[in-house]
Amino acid sequence: MSIIIKIHARQIFDSRGNPTIEVDVVTENGVLGRAAVPSGASTGEHEAMELRDGGKAYLGKGVLKAVENVNTIIASELLGTSVFEQNLIDKIMIDLDGTPNKSNLGANAILGVSLAAAKAAANELGLPLYRYIGGVSANTLPVPMMNIINGGSHSDAPIAFQEFMIIPVKAASFTQAMQMGTEIFHHLKKVLHDRGLSTAVGDEGGFAPNLAGGTEDALETIKKAVQSAGYTFGDDIMIALDCAASEFYVNGKYDYTKFEGTTGKIRTSEEQADYLAELASKYPIISIEDGMQEDDWAGWKYLTEKIGHKTQLVGDDLFVTNVTRLSRGISEGIANSILVKVNQIGTLTETIAAVNMAHNAGYTSVMSHRSGETEDHTIADLAVALNCGQIKTGSASRSDRMSKYNQLLRIEEELNDVAYFPGAKAFKK
């Protein structure tokens, strides 16, 4: 056994300049595992709770309480534990916290230790993280969903939907997918520049232009960039949307005026689903995330029955990487895919359980970053380890996003002939 002899947390900064937590786990052999924890801007009501300090420092967003919880309470319980006992490590922390949403010790504190322990274990064995977690069957490179236009809570653009993503489904490899995606990104910059629009980027590296025509203007602009790059819109490149509908759900209605002003419409649940179906019939949209509000189960059911047979419907705020909510969705036939965010649930063990439950039920899974990221690229390894087949980790800019893509390039190179890139096969038919 390789025993944990030291656990140390510190406060660092994420890509938005907000504090976050980083944890080191050290074994008796002097092997280090280090993990930094991400943070979201649009967070689901049912997510595990990250612990923030409050007060004036860092506008209340400090994480020194979470750091202290790791360095005192958690460390004292885990020192002497084998670093290979991942399930036990996570269970001890869950029991220590004692709340359903990890609000006592903080999901950020618990997750930092959970991921750092896994990294230390992998390093002890001299294995890459994806191989340690996924074993010999971990060989699927995820298809990237590249977020090239940002709206909603991720930018100041007057568009309700949070993300407009391109998917290089005709790529033969992850490397080629990156080439296609980055070329389109740079062509989009020129298209926007030629229209006199801003080419500043949002939290996830996508552009945040003031597109007066709203959603369809964004889609048409992407179409032009795809064609300008020499690719076929609707064949080489498909589209994914993250509506983040909970962000503009007001008094039981989908209120687009929150982000789009007087030009925005107010829709009922059925009207919202019908609108998404209309968009999916007009444009090559093969994936829609959070098209309905997180607790609008009836709306989700209607949407799933309407287009779930041909469109991937991803539950993010709906499922929050939580097996309890996912189990309900599966039993009621709601959505057909789960977004996977490690900090929504707070431990590696629970993340793996959610992905396994989804796959066993025939749901697809999409590994995902958060809008507040760091240079940590753990989710790249997790996407391969769990054979997710898809990943959301931002646009082709900002090193906090590119670090994940670069790690996947390394993994594909390492796997060589064993690497499998599913392309369009990764998506729900």
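Even glycines carry a Cβ here, placed using N, Cα and C.
Counting every protein chain shown, the number of other Cβ atoms lying within 10 Å of the Cβ of GLU204 (active site, proton donor) is 31. The annotation active site, proton donor is assigned in Swiss-Prot to GLU204 on the grounds of sequence analysis.
Under the DSSP three-state reduction, LYS341 (active site, proton acceptor) is assigned to coil, being neither helix nor strand. Swiss-Prot lists LYS341 with the feature active site, proton acceptor.
Secondary structure at GLN162 ((2R)-2-phosphoglycerate binding site), taken from DSSP and collapsed to helix, strand or coil, is coil. Per Swiss-Prot, the feature (2R)-2-phosphoglycerate binding site maps to GLN162, LYS341, ARG370, SER371, LYS392; the stated evidence is sequence analysis.
Of all Cβ atoms in the protein chains displayed, 29 besides its own lie within 10 Å of the Cβ of ASP316 (Mg(2+) binding site). Taken residue by residue with DSSP, ASP316 (Mg(2+) binding site) is part of neither helix nor strand, so it is coil. The Mg(2+) binding site annotation in Swiss-Prot covers ASP242, GLU289, ASP316 and is backed by sequence analysis.
Neighbouring residues of the recorded Mg(2+) site, listed in sequence order and excluding ASP242, GLU289, ASP316, comprise GLN162, GLU163, LEU241, CYS243, ALA244, ILE288, ASP290, VAL314, ASP317, LEU339, LYS392 (Cβ within 8 Å of the Cβ centroid). Taken residue by residue with DSSP, GLU289 (Mg(2+) binding site) is part of a strand. Put plainly, the recorded positions LYS341, ARG370, LYS392 were compared by Cβ crowding within 10 Å, and the winner is LYS392. Among the binding-site residues ASP242, GLU289, ARG370, SER371, LYS392, the residue whose Cα lies closest in space to that of GLU204 (active site, proton donor) is SER371. Note: the CA-CA distance between ARG370 ((2R)-2-phosphoglycerate binding site) and LYS341 (active site, proton acceptor) rounds to 8 Å.
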